[in-house]
Every structure is written in structure tokens, then in C-alpha cells.
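Engineer: I'd like to ask you about the structure that follows.
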């Protein structure tokens, strides 16, 4: 149990380092053991292959050289010819070389060197006792007794026996070295198998510890997370295992607690929103009923209120015509007041009707040319243009837009009419109209209407778009105070915006946006023919028809204070 408790102190990084350290120690230890075993096997193999084997070969060569020496001595003794001494001479040279090679190869083997010394003593005895005297006798032309020759053969047989003993010693040493090499091979193989087994067991133990100490806590966290994911937000996260997993579990538990609190709060808010929705639905129903009543009032005002007003104005004018002779100046003035009030009331009712119907009765969406609407609006204002000698110009062709042509005609009528109405007393009105793609909103057209009139002060730039807001008295500039509010409602009904450009020293510039009839990025708007300028009574337009009377609302009365 203490092992598992200690896993909390050892983090995932600690486990990683522990595993790496353990594997490193095992690899180093196994490498050292393997290197030692391989070195010993290499030494044994070197002794067997490069020392004992060549020494045995040299000993055999040495024995063959002595046999050649003995043959040469016997031939020279029998024939007396010096050519038979050549094997003896060459055998001596070969003997010296083989002796030196054997001593070099077996320098660390005292037993083998002792056998070599015995061979050398036997060779020296044979040579001094028999070979040299026989050669000297042959040179002196003396005969050698048969007993000496027989003794020589016996001595050489003893020499062969000594060589056999030396060969047996080297063979025994080679066998011992081979046995030692085989033993080292078996030990090496066993060690490698043992190392592999220990390595595999260690890997399995480490994997088991990692499974218990790291993976199981992670799997438990995963199962707890899946439980929370299924909607059981009250199921806690347990923090067990390495330090990092404990930190993760604590963080998940804190997050679960926050989510639970947030869900409780969201449920409360949802209930509150549901209650507010019910209230809003009730208010919407009441508002819909109120709008229906207002719409009914519009019809009543359109039909039932205008007829009495026309009667009041007509009968007042009839009284003035028939009884004007008996009325004094004040009576006539009172009648004029009544007629003027009735006419202004009729104009106000018409403007209110037009304002209330925007977006409800006029909701068409079609492609049309702005230039055609502007031409019709100018035609409807032809009398005002002629009286004021106004000049209306366009800066290039106007594009096609998408919307309700009748409403846009009302927009033009009010903006151009306002520019003419609020002209400067010392100069004729000049009105410039321009249009371009809106740089801020793709698919929209930005239109500007600029005049040289009395202008609008910056502090009134937003106030002029509020219904019934007037900046001048009715005596100075007649009107109902609805025109620019109507313009704003028309533009916003088409999804655009309208504003007054600030910072102008002379006149006013109205800017508004409308949806383009075509996507300018794919299908450029075809340029229409430029609108001719209108100057005084010499008005030239694309259409000679006057602007429809149904949309000739009175021009707006807002203008800035001088």
C-alpha cells in the first residue's frame, strides 16, 4: 500500500525519469557483462586459433626438417657426395625458424616451453653424437661402424618420441583451450538469455507499475468525465495518482463545480427569461392590437377626417365670397385663418399617412434605376426649380438599386425639395448628386446629395431625423417636420443608413446607402445615361411626366440654424 501511496509524490515526469533511469542502468550493466564475456571468448579464440594452432604446425614443420636432416646425413654417409648435405643444411635453417616461432607463440605457456626445451636437447644430442661425427667421417673417407649407425637410428627414434610428446602436450593444450572457449560460449549465451529475460521482466514490471500508478488514474478520470458528459453534473472527480493527475483531477473538479453553478444560474435565468418572454408576448399582442387600431385610425383619418376639413375650408371660402361685402377686415382675416389651418391640417394628415405606411403597404423589391426615380422627382418639383432657378447635377451615371421605386421616389422628392426650400437667400440653389459602391459594406451603394444652402449645425445633425422636430419657425420655413424622418424610415426599410456628413463649411451633404441591384464584384452595374442639369424653367429630364401626386409629400422643414 505504501508503494501506491508514494505514487502521489512521484509525478508523471518522475515516473518517466525513473523508467528511463532503470532502463539505462540495465542497458549499461548488460553491456558491461556482455563486453567482458565477449572479451574472454575473444582471448580464448585467439589463443586457440592464433597461438596453439600455429605452434603445432611449426612443431610438425620442425620435425619434418629434422627428418630431412637425418636423411641428408645418411645419404652423404653412403654416397660421399656433398649434394646430399643440402637437406641437412636447409633443415637446420628451418629448425631455427620454427624454434623461434614456437617460442614466440607459446611465451606464456611454461609447459609447452618445457617440452620445446626437451625437443631441443634431444636434437642437440642427436646432432652432436651422430650427425656431426658421421659427416666428419664421410668427409675423411672413413667408414662408420654398423653399430654406430644402428645407435643413430635408435637416437633418432627417441627424438621422434620426444616430438610426439611435445605434439601431445600442444594437442592437450588446444583441447583445453577449445573446452574453455566452448564454456565461455555457453556462459555468454546463457548470460545474453538471462539479460534478455531480466530486461523483459523489468519492462513488464515497469509497464505494470505505470498501468497501476498512471494509466488507471487517467482511465478513472476519463470514466468520471464521461459520466459528467452524460449529464450527471453531481458526480465528482477524484484526484489520485501522480501529482500531475491529481492537479488535473482537482482542476476538473473545480471546473465541474463552476459548470454546475453556471447551469443552476442558467436555469434560473432561463426561468426568468421564460417569464419575461411571456410578458413580452403579452406586450407584443397588445402592441399588435394597438398597431391594428392605429392602422384603422389611418384609414379613418384618410377618409373621414379629410372630408370635414375640405368642407370647412370650402364653406369658409364660400362665406368670404358671398358675404365678403358685409364682412370687415378682421372677419376676412379670421376666415383666412380658418382656411389656412384646415389646409395645413390636411397636409399634416397626408404626411402622417405616408410615414405610417412605409414598410407596411409598400414592401416591393425590384430592380430599378436611381436616375429614373430622380428624374421623376425633379419633374414633380419643376415649379419650385423654375421659381428658384435651381441647378441639379449628377456626378456621372447613377447605378441601379433593389427596392421599392415609389418609396425611393419619395426619398428623392423630400431631399431635393429640402435643398430647394432651405436655400441661401443670396444665391440660387445648386444640388449635386453622386453615387459609388459603398466601401464599408459589400453589395451596397452610397449616394450623396450636396447643396449650397444655409446648412445644418453639427449639434442638430441627428435631431433633424426625428419626427416633428423643427429648427425654424413655421413662418420662416413652412412644413410639417416629417420629411427627413420619412427619409430615414425609407432608407432603413431598405436596409441602409442615412446621415449628414460633418465638417462642411457651406451647405449640407446628405449621405445614404441602398442595396445594389447587382453584385459589383461579379457583375458591374451598367452605366446609365447622365442626368441633364435643370436650370430655372429649362428643365430637361428623361421623362416629361410629372412626379406621381401620391408621393408628393411636402418637403422637409428641418434645416440648421444659420
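Any Cβ shown, glycine's included, is placed from N, Cα and C.
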Engineer: Would you please say which range out of 191-214, 215-238, 239-262, 263-286 has the annotation transmembrane segment in TrEMBL?
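Structural biologist: Of the candidate stretches, TrEMBL labels 191-214 as transmembrane segment.
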Engineer: Looking only at the domain 'HAMP' (212-264), report the model's average pLDDT.
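Structural biologist: In the predicted model, the domain 'HAMP' (212-264) has a mean pLDDT of 75.
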Engineer: Determine which residues of the chain contact the transmembrane segment (15-38) at the Cβ level, with the cut-off under 8 Å and only residues 6 or more beyond its ends counted.
Structural biologist: 7, 184, 187-188, 191-192, 195, 198-199, 202-203, 206, 209-210, 213-214, 242
Engineer: Quick one: DSSP breakdown of the domain 'HAMP' (212-264) into helix, strand and coil?
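Structural biologist: Per DSSP, the residues of the domain 'HAMP' (212-264) fall into 40 helix, 0 strand, 13 coil.
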